[in-house]
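The 5-phospho-alpha-D-ribose 1-diphosphate binding site annotation in Swiss-Prot covers GLY89, 92-93, THR97, 99-102, 117-125, ALA129 and is backed by sequence analysis. According to Swiss-Prot, the feature anthranilate 1 binding site maps to GLY89, ASN120. According to Swiss-Prot, the Mg(2+) 1 binding site annotation covers SER101, GLU234. As annotated by Swiss-Prot, anthranilate 2 binding site applies to ARG175. Annotation source Swiss-Prot lists Mg(2+) 2 binding site at ASP233, GLU234.
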Amino acid sequence: MTSSPVPVQTDLRPVLSRLAKGEHLNEEEAFAAFDLIMRGQATSSQIAALVMALRLRGETEAEMGGAVRALRSHMIPIKAPDGAIDVCGTGGDGAGTLNISTAVTFVVAGCGIPIAKHGNRALSSRSGAADVLTALGVQIDLGTERQEAILHDEHCAFLFAPHFHPALRHAAEARSQLGIRTLFNLIGPMGNPAGVKRQLTGVFDPIWAAPMARVLGELGTETCWIVHGLGLDELTLAGESQVTALENGSLRQFSVTPEEAGLPRAPLDTIQGGDADHNARVLQALLDGADGPYRDTVCLNAAAALIVAGQTGTLKEGVALARRSIDDGSALSALNRLRAATNAIP
């Protein structure tokens, strides 16, 4: 991924004209176009036209790489504890499940792994990470310095994207009005402001797994799993999931099944979610010890996160650690500590 200077883009219309002809942008051109968006120099109509043109024609790895670089160039960075990871998904899968990665956050934190959970409110679903955390009583509207302090003190924090990526406000109206997945869904998980070197990322379409892993590697990520499970941006209990792993500078692609982790299969409808309040109640019940497919799904994904974190080497061992985190109250304690820290008067 080149870091050569790029021309300053001052008007998105020439780019739109090229895309209308079916042309591709190279990485530097994509950087310039998205940099213009981040600087507030494109209208909502132009932004919507750009991301829809890319989606209809098919986004390229170079375009994704340039867009990620633009996103990162405008973010407010913080420093994470050593060994910190992120667990998130692109969204946009349209499945309407319970919040998986948010629950995984507390299970993994309960295992002693620092976790800088990066996320937003729902844009193309009913309940995003920010929505369910708010319903759980976690205060997300905190300054970046306060969140950095919480991350270091509690080893668990939610990095609310609008606070760390203020430039994305210029695209908010277009994204909300479109209400569908776009390139922004792909680049969001690659813009963790804490600069984590390890992450578990779910993707709405497995075609993007290898490109995302390569781009993350070029941006300094050491280990990541990009996962997709039968339409979900998560590992699933419903059948076989696809994984693209970046490890030691190399990509490895493989599939995993619930049986490999020692878990029973369960259909997708067993983890159907609702609004933020409903999903928060179910997540709280999970941390309080409730059993069932939701717990198993969370444990499966937590196991993957623990492998990425270097805590274990197999899914079966990871599931055992995840179950212990829930059963001994460590996961619940992680939520309670985060809730208390974010609501404390500084």
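For all residues, glycine too, the Cβ spot is worked out from N, Cα and C.
On a Cα basis, ARG175 (anthranilate 2 binding site) lies 18 Å away from HIS118 (5-phospho-alpha-D-ribose 1-diphosphate binding site). The most densely surrounded of the binding-site residues HIS118, ARG121, ARG175 is HIS118 (count of other Cβ atoms within 10 A of its Cβ).
Cα spacing between ARG175 (anthranilate 2 binding site) and THR97 (5-phospho-alpha-D-ribose 1-diphosphate binding site): 21 Å, rounded to the nearest whole number. Classification of HIS118 (5-phospho-alpha-D-ribose 1-diphosphate binding site) by DSSP places it within a strand.
For ASP233 (Mg(2+) 2 binding site) paired with SER101 (5-phospho-alpha-D-ribose 1-diphosphate binding site), the C-alpha to C-alpha distance reads 10 Å. Neighbour list (GLU234 (Mg(2+) 1 binding site), Cβ cut-off 8 Å, at least 6 residues apart, same chain): GLY89, THR97, ILE100, SER101, GLY202, VAL227, THR297, ASN301. When secondary structure is read from DSSP and collapsed to three states, ASP233 (Mg(2+) 2 binding site) falls in the coil class. Here ASN120 (anthranilate 1 binding site) comes close to GLY128, ALA129, ALA130, PHE160, ALA161, PRO162, GLY188: these same-chain residues lie at least six apart in sequence, with C-beta atoms under 8 angstroms from its C-beta. A sphere of 10 angstroms centred on the C-beta of THR97 (5-phospho-alpha-D-ribose 1-diphosphate binding site) encloses 21 other C-beta atoms.
A sphere of 10 angstroms centred on the C-beta of SER101 (5-phospho-alpha-D-ribose 1-diphosphate binding site) encloses 25 other C-beta atoms. Just so you know, the Cβ of GLY89 (5-phospho-alpha-D-ribose 1-diphosphate binding site) picks up 27 other Cβ atoms within 10 Å once every protein chain is counted.
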